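Visitor: Under the heading region 'Disordered', Swiss-Prot lists 1-99. The motif 'Nuclear localization signal' annotation in Swiss-Prot covers 13-19 and rests on sequence analysis. The annotation SUMO2 cross-link is assigned in Swiss-Prot to 17, 33, 239 on the grounds of similarity to another entry. Feature annotation from Swiss-Prot assigns compositional bias 'Polar residues' to 38-47. As annotated by Swiss-Prot, DNA-binding region applies to 130-152. Look at Swiss-Prot and you will find 220-294 tagged as region 'HhH2, dimerization with ERRC4/XPF'.
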């Protein structure tokens, strides 16, 4: 018995247990905010590794892990503010180079500065004109995925009259790969162009677009229409006869008729001509235009 008359049990004193209610056990009244956030119902957040390069151009520069057996990357969907334009039909006019979204991130685009370009939903990598398109290929990527360019050329078909395969040479020994690509381009009726840097590849794309509306006269040989120029062009087709010799012959004989009628000795007496040139000229003047079968 203690001083207050409470009976104490015999033996060692026992410890009392206290239960402290937690926020999970007690239902808070409406409108009350808990002091601590409960960790019982937090959702599990799964961490995923950062995505690797998703475009073909980024892959060509960095290369994904997995070697040659890695799956070929597919370009990501464009953002809302970067939605590509609708695909222009072959033959439609455009002032810009239309770039496929799969080329997003390609360093070549940084060097396309002299002509405008924009993303568009197109089948080739670059649409350079009404009837001109280009596919871009890195040799490093081609060595890992040799079937890639076969599928691209097959899907492209004959939609464009001029199909360019723009190859960036970024490997040490490109001879064998270029030999195979050259054979492929012959069979696919495709033009093969080699670039050794992204800057050079960008200049090729710019040039194709800038010269889209230019006539072919810039690439053709300019022929003079006056008589002396035409005779000079004709005489210089004879081996070792140059423009100076042609002018000397015209000055000496006065006309093309008298020049053709001259003997071999008369031709050899012209200054700077000599017997060898005279013999060649004489043989050309007196041989038939068509060989008569014997």
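Counting begins at 1 with the first residue displayed.
Every residue, even glycine, has its Cβ placed from backbone N, Cα and C.
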Visitor: Do any residues at least six apart in sequence from residue 239 (SUMO2 cross-link), in the same chain, have a Cβ closer than 8 Å to its Cβ, and if so which, in order?
Guide: 280
Visitor: Tell me, by DSSP, whether residue 239 (SUMO2 cross-link) is helix, strand or coil?
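Guide: Assignment for residue 239 (SUMO2 cross-link) reads coil.
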